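Working notes for the structure below.
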């Protein structure tokens, strides 16, 4: 490929690195990685995680940067340049990124909602609201918790199931509009405006994390959470799911397969040292996950200790009142001793306590694993409300979530816009500002569906099924194409042309052997797991019980899941077939013209 000198470029390599960091370091580092540590053996999970980083994450990250920098095109153009039959790989990436754009900015809308509600003397999720009769608290809130009620009722106004539709939540719709307006302003001038924005979106979250770390480790009980994280449960290493989850976390946290990395790298100078940058960004991303986990587990420890000691206090008061003991007889430190003692000395009276006597267990509190929106908007909010000057910590936390989310959104939108702007029939009739605006408007209008009463269930569906399957397939096709269709030797020459040196043994072994095998294993595991899982289910909010209940998706939703799984993947074979049919017709037309000319 020739060098496209007219193409826009980053002002300097640092902008490119910060753009990659801003894109890769996202909400998953804050709410997914800590959950996996909690589920798979604490510090022991770092062993498979770091191993998968070396075997899978860094080589594939390197490969996508190399392709983008060499071809200097978005995902569609880059793969079409390698082979006309492979344009569908880039198209599949665009479709997957479009799905992500539709629902990902909804999280930013929620963050805006919480941020705006943080400027109150009492945080609205700190206590239950009073009912309409002013005779007590709202029953739904009393059955759940104030933080759950604020998220499910005030923020989402959620319906009882995906089949119960309702109108748009105007507050959420306005927050979503604001989120898309900011995204548009960030990308309005293409890479030139994005390059300026990433200085802030890539660095400010670290400042907030450092502030939160200092605050977190000084909270009462924080040490319990940190100990829990770094205490390895080595038996988890024998669990295949631990290794699968480590690989998928590396895979998705780096943003492989979406086309964003190819788009970012296409704006590099031709001889930019992408090898060094691939290693740096991968290490920064993984280090951030570990750093964010320390912050998260310190908050976990504080919350778990607070709940544990609150439980002990309730038991203490129950014992004091039941057995008519003096106030200073039982303390939090000797509650368990008095439970055993009173059970021994007053067995009949103790037995009458029945279900009123709670079991308080700090380890059980720490074992309660939560991920995703449950961690970001419920667990963290519950911990924040118990902190001194809770409004300050709430504002800082949701600003951090916004910047992490916005940084990732830049990559998602650029993954869609760059390939489209490379298409001649679009670039000929449409300016960059117009194209960017139309893409943002399109995503906003479709995204309004997620602000309806059943919108969160559709959000969950897109989050669970919109990208995982397709990305595994896309990246598997990518690495097979580069190594065995384009050829590892040609790829090696391209790298030498850009960097001045050939691939070393590590890159060759990983790309040609180890990474494809791991991707095939992940792909098979996903399919088997999906089949064995039976009918797809989701968590439906039951306001009568004040908790989520597992519910099966209705038939039409299951059909839509199938469409999500197949739609992006189908782009690859369908585009190849279309290209074959088009070239065959073209060749047939040439033969007919040749025959008619000879006959004449």
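Backbone N, Cα and C define each Cβ position, glycine as well.
Annotated features in TrEMBL:
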TRANSMEM  12-31  transmembrane segment
BINDING   24, 25, 29, 253, 285, 404, 408  Na(+) binding site
TRANSMEM  43-63  transmembrane segment
TRANSMEM  84-106  transmembrane segment
TRANSMEM  168-187  transmembrane segment
TRANSMEM  199-223  transmembrane segment
TRANSMEM  243-267  transmembrane segment
TRANSMEM  279-300  transmembrane segment
TRANSMEM  395-417  transmembrane segment
TRANSMEM  438-459  transmembrane segment
TRANSMEM  465-488  transmembrane segment
TRANSMEM  509-528  transmembrane segment
TRANSMEM  556-581  transmembrane segment
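Other C-beta atoms found within 10 angstroms of the C-beta of residue 408 (Na(+) binding site) number 27, with every protein chain shown included. In this chain, the transmembrane segment (279-300) lies out of contact with the transmembrane segment (465-488); the count of Cβ pairs under 8 Å, excluding pairs fewer than 6 apart in sequence, is fewer than 3.
Each residue in 21, 23, 26, 27, 28, 255, 288, 289, 407 lies on the same chain as 24, 25, 29, 253, 285, 404, 408 and has a C-beta within 8 Å of the C-beta centroid of that Na(+) site, without being one of the site residues. Pairs of Cβ atoms less than 8 Å apart link the transmembrane segment (279-300) most often to 43-63, out of 43-63, 168-187, 395-417, 509-528. Contact count against the transmembrane segment (43-63) (Cβ pairs under 8 Å) is highest for 243-267, out of 84-106, 243-267, 395-417.
When each of the listed stretches 12-31, 84-106, 199-223, 509-528, 556-581 is scored by C-beta pairs under 8 angstroms to the transmembrane segment (243-267), 12-31 comes out highest.
Cβ neighbours of residue 404 (Na(+) binding site) (same chain, under 8 Å, six or more residues apart in sequence): 25, 26, 27, 29, 30, 205. Only sequence-distant pairs (6 or more apart) were considered; of these, at least three Cβ pairs between the transmembrane segment (168-187) and the transmembrane segment (84-106) are under 8 A, so the stretches are in contact.
Cβ atoms under 8 Å from those of the transmembrane segment (12-31) belong to residues 107, 194-195, 198-199, 201-203, 205, 249, 252-255, 260-261, 264-265, 267-268, 272-273, 277, 280-281, 284-285, 288-289, 292, 296, 371-373, 375-376, 401, 404-405, 407-408, 410-411 of the same chain, restricted to positions at least 6 beyond its ends.
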